[in-house]
Amino acid sequence: MSTTLAAPPPEHCPGTSSEEAGKSNACAGCPNQQICATAPKGPDPDIEAITNRMSTVKHKILVLSGKGGVGKSTFSAQLSFALAKKDSQVGLMDVDICGPSIPRLLGLEGQEIHHSNTGWSPVYVEDNLGVMSVGFMLSDPSDAVIWRGAKKNGLIKQFLRDVDWGDLDYLVVDTPPGTSDEHLSIVQYLKSAGVDGAVIITTPQEVALMDVRKEINFCKKVGVPILGVVENMSGFVCPKCSTKTDIFPPTTGGAVKMCHDMDVKFLGSIPLDPRVARACDEGRFYMDEFPDSEATKGFQKVIEESTQVSCRL
Amino acid sequence: MEGVKHKILVLSGKGGVGKSTVSCQLALALVLQGKKVGLLDVDLCGPSVPRIVGLQGRDVKKSNQGWIPVYPEEHKSLAVMSIGFLLPDPDAAVVWRGPKKTAMIKQFIEDVVWGELDYLIVDTPPGTSDEHIAVIESLKEHQPDGAVIVTTPQGVSISDVRKEISFCNKVGLPILGVVENMSGFICPNCSECTNIFSSEGGKLLSEELNIRFLGKIPIDPALTALQEGGGSFVSKFPDSQTLKAIQLFVSDLITSPTPDAK
């Protein structure tokens, strides 16, 4: 539950929705003390509504990474396309509020959400692939969504509570980088509905792995099972001379070593392919267009592995 | 902040496009031109600056005037501040909601003893949310020079960067220019150039919106390796075309007058 504060909380703030809010030592002299002390406590009544809404969704998979630009949205899009191709009912929810890429990756730019008496209707790519993103709610695609955390949390809650997802085999949730409001909220809101787990995306170099380790520790801390780790942008094969170059070199052993060190499953790697970037820009299903490419083989393997783990749970 | 002459923010709507790389290279290039430079990393959930400048594991000291930033070399021509220096375990997740991030950033700007600086470079996380609002609010009274926007050439990145530009316009932050990073890859074996993330996107965007185009940085595994290596950053400046390209646009940026934001 979000509380509107009069000022940023002090260093040792017990948390605005905690039992201690407004009462702990750190609250003395804080301009928010009164607000926190009087805000309603206890379980969020919306959680029950979300859990009801989610009772028709069999599997919920989060796509996470501590690092930006490693391919979370690309993977989420290809995963959703691939599951839909196998005749599953699929929902794809984009909780990257400030930088929503999903509408473009699914070829849905400029589409709008429709409201009905059962809730908001997702935008459909196919009959069995529905998509929800803040991108569908902007009058101009260049508009900045300058929202603080509390407002972002409110929209994520609406996406879960008010969207008429219908019967789904899979709900794939694409996230922004980091371990902050969006991540805490989605985990908190889905806690009682139950999440299958998270697929973590990284690239091979240490600068990315560093942030991804934080994300793995986040999952462990909040109790989200990790389905496995995907190493994306793993090497580039020159289309002219076929020489392989590690553009983002795995100087510290890449995702394989990290998975071993942190005791999480390594799902596989996907090489760099300029056609992936192009397919993303144009909103097309890359794996279907280039079924024999190395990147497609990579995608297939990690999708198979991650959904198998998810189905066993 | 009174002793700080110029303040430049490095922004992008998109993650992983090279904001931290550009911030660090920008800071380094300024140091090599004899400037005193501060580098502030306000990416609280994914701080990359300590690693890139080879300062992992260093601690921030507290004095009675405030926090003392970390200096990579004895001349103290570069001062660095990041949440990475405050974490007991580098792998620990910083699971903070907005208000706590806002309070931290305020402290970074108000409570760090930067001393006399020619430039303060502020590296940011992707997006247009708490961190960005906090930085702008804290710096407003100190009149920041403006923002350098980093993008990669492909459409997915450009869409998010348009949002960042809208953000700058909305909050009245001048845009100093656009850098196109990861622009083409030259095969080390056959010299064939492949546009892995498409090409020209940043250039076309700057033309369309009438914003200065600062230049292109190619995909260069040597640059990635340089960032990965850690160790002393200032002394490690190999003879590379990529780094020369960066030097060039930095000179451009600081010598020519600030263009007005559209």
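The first residue you see is number 1, and the count goes up from there.
Cβ coordinates are placed from backbone N, Cα and C, and glycine is handled just like the others.
The feature region 'Disordered' is assigned by TrEMBL to A:1-24. Positions annotated as [4Fe-4S] cluster 1 binding site by TrEMBL: A:Cys13, A:Cys27, A:Cys30, A:Cys36. Residues annotated as ATP binding site in TrEMBL: A:Gly66, A:Lys67, A:Gly68, A:Gly69, A:Val70, A:Gly71, A:Lys72, A:Ser73. If you look up TrEMBL, you'll see A:Cys238, A:Cys241 marked as [4Fe-4S] cluster 2 binding site.
Cα of A:Gly66 (ATP binding site) to Cα of A:Cys27 ([4Fe-4S] cluster 1 binding site): a span of 32 Å.
Here the binding-site residues are A:Cys27, A:Cys30, A:Cys36, A:Lys72, and none sits under 8 angstroms from chain B, going by CB atoms. Separation of the C-alpha atoms of A:Gly68 (ATP binding site) and A:Cys30 ([4Fe-4S] cluster 1 binding site): 35 Å, rounded to the nearest whole number. Put simply, A:Cys238 ([4Fe-4S] cluster 2 binding site) is 25 Å from A:Ser73 (ATP binding site) when counted between their Cα atoms. Rounded to a whole value, the Cα-Cα separation of A:Cys13 ([4Fe-4S] cluster 1 binding site) and A:Cys238 ([4Fe-4S] cluster 2 binding site) is 53 Å.
Among the listed binding-site residues, namely A:Cys30, A:Cys36, the Cβ with the most fellow Cβ atoms inside 10 Å is that of A:Cys36.
Under 8 Å, Cβ to Cβ, and six or more positions away along its own chain, A:Val70 (ATP binding site) finds A:Ile201, A:Thr202, A:Thr203, A:Ala208, A:Asn232, A:Met233. According to its DSSP assignment, A:Cys30 ([4Fe-4S] cluster 1 binding site) is coil. Residue density at A:Ser73 (ATP binding site): 27 other Cβ atoms are found within 10 A of its Cβ, drawing on all protein chains shown. In this structure, A:Lys72 (ATP binding site) is part of a helix by DSSP.
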